[in-house]
Amino acid sequence: MIQIHTAKDIQNLMKNYRKEGKTIGFVPTMGFLHEGHMSLVEKARKDNDIVVMSIFVNPMQFGPGEDYEAYPRDIERDRQLAADGGVDVLFTPEPEEMYGQEPTVTASVKKRTAVLCGRSREGHFDGVATVLTKLFNLTSPTRVYFGMKDAQQVAVVDGLINDFFMDIELIPVETKREEDGLAKSSRNVNLRAEERQEAPALYQALQRGAELIRAGERDPEAVKREVRSILGKTSGVIDYAEIYSYPDLEMREPLTGKVIIAVAVQFSKARLIDNIIVDIPADQKEDL
Ligand code: AMP
């Protein structure tokens, strides 16, 4: 595995791979790698000649008072995991490398951000879209891999790629979970022991919501009430528990088509998010 720190070096290397006709799978991360990240790598390896991973805790996507400083980091361990997982090129720039000068242009996301994490984390997705535009330009990917744990991010990246005519295929990858259902996340290490016991409630609440919809419930409020009542049993504070169409993230009542139930719960030192997508078959009557 080659590790690269500078924008110029990665751009040159990747351009050469493309000239040689190689396909490139790109997995952007903020590090502190776990099996969720590695499932993206595994998929990228199957689909492409070269797998490139970036590890960059992007300051622009953290708001004031968020956990930029406290975000867990362990680059030595990450390097080993990446190499063992079959990453060919690891890009680990410093913030100065990515944001050296006062910016001339930044990305501003217009849709799919007024709700969920976009609402509670102002400017978050502008930061995501800006850094991804930079990273995509540096890595010339054929395909990019994103986890559905961050389903709103997938929806935003879909918009970015389509609106800017980027010649990149977006591959969403399903959420990897612990045995008790908790979505794997770098932030899970910041849960207190009691909170870790409670955290599977997020997925339990989502499953219950999905079950209601599958059983014919089409009133989003009824589903949200049930989801919130399960989340409310934890010591965390519910940031949101919502249902929208996916990927447009619009309110739909009664529920139809592809919908997402998404939740965020703030524990003492970790904010956890999770979601589930339910496809409501067109032939199923809405008013069952
Ligand atoms: P992060 O390092 O948290 O920015 O995540 C980097 C990528 O890994 C994003 O595309 C995430 O959606 C994805 N990811 C994070 N956790 C999981 C998980 N539990 N399962 C699948 N993908 C994940």
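Cβ from N, Cα, C; glycine included.
Look at TrEMBL and you will find His37 tagged as active site, proton donor. The feature ATP binding site is assigned by TrEMBL to 30-37, 147-150, 184-187. The beta-alanine binding site annotation in TrEMBL covers Gln61. The (R)-pantoate binding site annotation in TrEMBL covers Gln61, Gln153.
Less than 6 Å separates the Cβ from ligand 1 in the case of Met30, Gly36, His37, Lys149, drawn from the recorded positions Met30, His34, Gly36, His37, Lys149 in sequence order. Rounded to a whole number, the distance between the Cα atoms of Met30 (ATP binding site) and the residue listed as 'active site, proton donor' is 10 Å. All protein chains included, Gln153 ((R)-pantoate binding site) registers 24 other Cβ atoms within 10 Å of its own Cβ. The 10 Å shell around the Cβ of Lys149 (ATP binding site) contains 20 further Cβ atoms across the protein chains shown. Among the listed recorded positions, namely His34, His37, Lys184, the Cβ with the most fellow Cβ atoms inside 10 Å is that of His37. The distance from the Cα of Gln61 (beta-alanine binding site) to the Cα of Gly147 (ATP binding site) comes to 17 Å. For Met30 (ATP binding site), the count of additional Cβ atoms within 10 Å of its Cβ stands at 18 [all protein chains shown]. Gly147 (ATP binding site) is 9 Å away from Gln153 ((R)-pantoate binding site) when you measure Cα to Cα. Listed in sequence order, the residues of the same chain lying 6 or more apart from Gly36 (ATP binding site) and placing their CB within less than 8 Å of its CB are Gly147, Lys149, Thr175, Lys176, Ala183, Lys184, Ser185.
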